[in-house]
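Here is what TrEMBL says about this protein:
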type	residues	note
TRANSMEM	A:6-24	transmembrane segment
TRANSMEM	A:36-53	transmembrane segment
TRANSMEM	A:65-84	transmembrane segment
TRANSMEM	A:112-131	transmembrane segment
TRANSMEM	A:151-173	transmembrane segment
TRANSMEM	A:194-212	transmembrane segment
TRANSMEM	A:278-300	transmembrane segment
TRANSMEM	A:320-344	transmembrane segment
TRANSMEM	A:385-401	transmembrane segment
TRANSMEM	A:407-431	transmembrane segment
TRANSMEM	A:443-460	transmembrane segment
TRANSMEM	A:490-512	transmembrane segment
DOMAIN	A:677-893	domain 'Histidine kinase'
Amino acid sequence: MNSLTLISILLVYLTFLFFIAHWAEKKENLKWANNPYIYSFSLAVYCTAWTYYGSIGVAANSGLNYLTIYIGPIIIIPAWIIILQKIIRISRLNNVSSIADFISLRYGNSRFLGALVTLICLAAILPYIALQLKAISETFHVVTKTPENSLALFDTTTYVAVALALFASYYGTRYVDASEKRKGIITAVAMESILKLVFFMIIGIYVTYFVFDGYGDIYKKASVLEHFNTKNTIGSIENGMNWFFLCMLSLFAIFLLPRQFHVSVVENNREKHIKTALWIFPLYLFIFNLFVFPIAWGGNVLFDGEVKNADTYSLLIPQFFNNTFLTIIVFLGGFSAAISMIIVSSISLSTMLSNNLLIPYTFLGRLKNEEQEINNKKIVTIRKIGIFLLIIIAYLIYRFFALDYSLGSIGLVSFVIIGQLAPSFFGALFWRRGSSLGAKSGIIVGFLVCLYTLLIPYAYGLTNTTNTFIASGIFNIDLLKPLALFGLDYLSPIAHAFFWSLLFNTMTYFAVSVNFKGNYRERNYAEMYIDVDKYSTNHENAFVWKGTAYTRDIEKVLVKFLGEERTQRAMSIFNTKYNVDKNQELADARLVKFAENLLTGHIGTASAKILISSVVKEEKITLPEVLKILEESNENIQINKKLVETSNELKKITYQLKHANENLIIKDRQKDDFLDTVTHELRTPITAIRAASEILIDDEDVPDDLRKQFLNNIISESDRLNRLIDKILDLEKLETGKQKLNLSQNDFFNTLSKTIEPLQQLIKNKNISVILDFQKPLFLFYDEDRIIQVVTNLLSNAIKFCPEVGGKITIEILNKSNFYEINVVDNGKGIELKDAEMIFDKFYQSDNQNIKKPHGSGLGLAICKQIVELHQGKIWAKNNENTGACFTFTLLK
Amino acid sequence: MKKILLVDDEPNIIMSLEYTFKKNNFEVYIARDGQEALDILENQIPDVIILDVMMPNVDGYATLEQIKKNEKLNQCKVIFLSAKNKESDIQKGLALGASDYITKPFSLKKLVDKVKGLLE
């Protein structure tokens, strides 16, 4: 196939990815771009060109060993729900944007440690990126059947590398704050993950079922090949050890590789997305590996005896059958695998390079004095150039050094180097005593061992047995043979180097940490990391800091990087969160930590600390003091929690008391009003009686008829007095339960007739029409005298409130599930809503009749209520639609 | 002959008052609530008004307020006659400009003396 055609296809493909990234960036708030599947598939950036091509090479040449790289992650993934969640939480709270930040922050925010981790990552990953470029380049030449051009300028893959570098540096540095999410890139990576899987499955199915007749066929044909059995069994116990260590190696790598840390931690939007990744990612790895074996051995069968690079079997097979379309598809899948790795790795490496190496060691002094815009521009430029240079350097490594090694071997070397971060990384999560010095010395010692047992021999060529260094060790000491250190001669070079370097690394880390205690800051962060859940809501509280600091100074520093507006916004968030007065001049530990966090995303943890330290005056604290403060703050948090609970309870009780009190006051006032009313009502007949009597006794000339009239008045007023006293006693009896009901079965219609009879005159006087709306007869169980009392009361009220002209009263009975509802409806002015409930309280008189003569003693409805409730019914009032009042009471069936 | 207006919603009390004041040579006018009283005052200017407080429609206090607004009635003396005997009620009545506040039940003789005293 023509180079130009393939390049055009590549360009179209890259444009497509560019479009996806661009689209996702635009729609970053859309649910679609935030779903857990994007997160899960982006994790498959783990499967690089090494997986895509290299696994097949390994499977073809050395059998099952390729599986270890996938078994390791699958073993550890179930533990993600705890470990990864913890890492994500710590990182989110501290604005961590790379693994270098993560490790160095835990060990007292050590600048040197951050730089060291960055260097380790660079050493591990640059050759790894080179490997990807090599894969692109090699496969490109396989597809186009062109030889590689020894002059980089004329080699088409050079331009591919440059294009990638531009793409990554453009999209990877959209935000100054490195802990911001990069939706565009991540969506594109997830898309590529899906494409590479689909393409790989297509070629797998093609080889298995079209070139051959299924798995059985391939197995049958392959099993007659030389070495088939030895390659496809684990074999000896030594080989088992190799397996074990390789699994461990990849288990660490899934956490430690900068690109994995980036996609799984920095780009994580929601912790719950882990749950989806928990099954998607292992399933992804599993499906990917289904077809590695058939392609590898299918290739071995097809090309038996020919010297071919087994890494490229997946391309050679369709090409062998002249299937250009499939060849291109496979090439695009491998290309996807390579570029997602390159892009994500270079972004995370450049963040580390800028935030943990360049800014804290060189640029910080200059950034300190500039304006925000210039600063941001500088930081972004540093990162852009960083990404670009990293890819170009990787390309140069590929051109000059990495040409001779197979994909798998470089990948594993890189895993071993990155593995050196494991002790300090996992120690950060689980061991309080781990110290900065321990972490640094562990990493350095581990790396040196790795250098001795792996990198130097690698540089000489592993199989170069004539080399004296490899054959007989340094100074000819047998025990120091680099590939068989201390006589351990049965492990493969990778497993061997991994074993020794990690052993020394871990031992050093433990020994140094135990013997040289870290300072208070390390111990402080240890608490914050290990007990992250305890501090997750008020993270800044956990930061121990003593000294003098001014809010204004800290704000000034923030403005230089965040700008005026964002600084003010952040400060007001802080003030609200901790209930701090915004005019507070002195800053406390929380503000110091808060400010450091804000800067961390821009310039890294170490620089953030340095910058803030330059404007505050910190006092040294001793380790025991830190522990004491932490303990106290812990206690405080718990006491606070209890206090909040108690105060909430108190608030509730206070509210209830207040409510009860208000009710009491109202009741008390009602009682006063009632007494007022009752005395008034009692005095009125007494007054009449007294006046009449006075006339009769003083005046002997009163005419006879008038004298008779006065005496009649005295009698009627005495009766009135008596009735009133009866009512009061009646209510008292009902209320105290002394009144018993005399229940019997009655026809409600009969009862109603008896009630209306004495009221006929009043009804006629006002010309009111009374409508009875219910089925007759209606037999119910009640105390007839009492119910007559109730209905009389309601009817007299209704009559009283009916308009002078066109008055109308309706009595209707509704049949409800287990009771009857009796409504007495008039068409008067209705009742005030605020009175609706209280009119049934004794003593209650509506406001608007407070001074005016009340229409009754204020006892009628109260007595009704008592009677109805004694019948287990309810009584209430509301306004009817036709603006009249509607009084309702219920009677049980 | 002096004119007196009796305002109360209790017919039996009115009856005794009417009899007593007529006997003492007053020209007696009667109203059963505040509104009726105000209607009568449109045409008549009595020398004394005996005013109950708790009455339907317009109560005694409101009636007195209306009376005080009317300049023609400047010379009218007003005596409250009420069963509301709380100190606050009495103070309110006097503050509105009543000449006296007599609580029920009352002595007719003393009431007549008080009215006569006011008119001297």
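Cβ atoms here come from the backbone N, Cα and C positions, even for glycine.
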Handout entry: Segment proximity, the transmembrane segment (A:320-344) to the transmembrane segment (A:6-24), 3 or more C-beta pairs under 8 Å
Key = yes
Problem - Interface check, the transmembrane segment (A:407-431) with the transmembrane segment (A:490-512), three or more C-beta pairs under 8 A - result: yes
Exercise for the section: May I ask for the residues of the chain that lie six or more residues beyond the transmembrane segment (A:320-344) and have a Cβ under 8 Å from a Cβ within it? Expected result: 1, 6, 9-10, 13, 17, 45, 47-49, 51-53, 128-129, 132-133, 135-136, 139-140, 143, 164, 167-168, 171-172, 185, 188-189, 192-193, 195-196, 198-200, 202-203, 206, 211, 259, 262-263, 302-303, 314, 391, 394
Exercise for the section: Look at every Cβ pair spanning the transmembrane segment (A:385-401) and the transmembrane segment (A:112-131), keep those 6 or more apart in sequence, and say whether at least 3 of them are under 8 Å. Expected result: yes
Problem - Interface-richest range of A:36-53, A:65-84, A:112-131, A:278-300, A:443-460 toward the transmembrane segment (A:194-212), CB pairs under 8 Å - result: A:278-300
Completion exercise
Checking A:36-53, A:112-131, A:278-300, A:443-460 against the transmembrane segment (A:490-512) for Cβ pairs under 8 Å, the most are found for A:443-460
Exercise for the section: Please work out whether the transmembrane segment (A:443-460) lies in contact with the transmembrane segment (A:36-53), by counting C-beta pairs under 8 angstroms that are 6 or more apart in sequence and asking whether there are at least 3. Expected result: no
Problem - Chain residues outside the transmembrane segment (A:65-84) and at least six past its termini with a C-beta under 8 angstroms from it - result: 46, 51, 54-56, 58-59, 242-243, 246-255, 264-265, 274-275, 277-278, 281-282, 285-286, 288-289, 292, 408, 411, 429
Problem - Spatial neighbours of the transmembrane segment (A:36-53) far in sequence, C-beta under 8 Å, 6+ residues away - result: 69, 73, 128, 131-132, 135-136, 139, 186-187, 189-191, 193-194, 196-197, 200, 254, 257, 259-260, 263-264, 267-270, 272-273, 275-277, 280-281, 284-285, 288, 311-312, 314, 333-334, 337-338, 340-341, 344, 407-408, 411
Exercise for the section: Average the per-residue pLDDT over the domain 'Histidine kinase' (A:677-893) and send me the rounded value. Expected result: 83
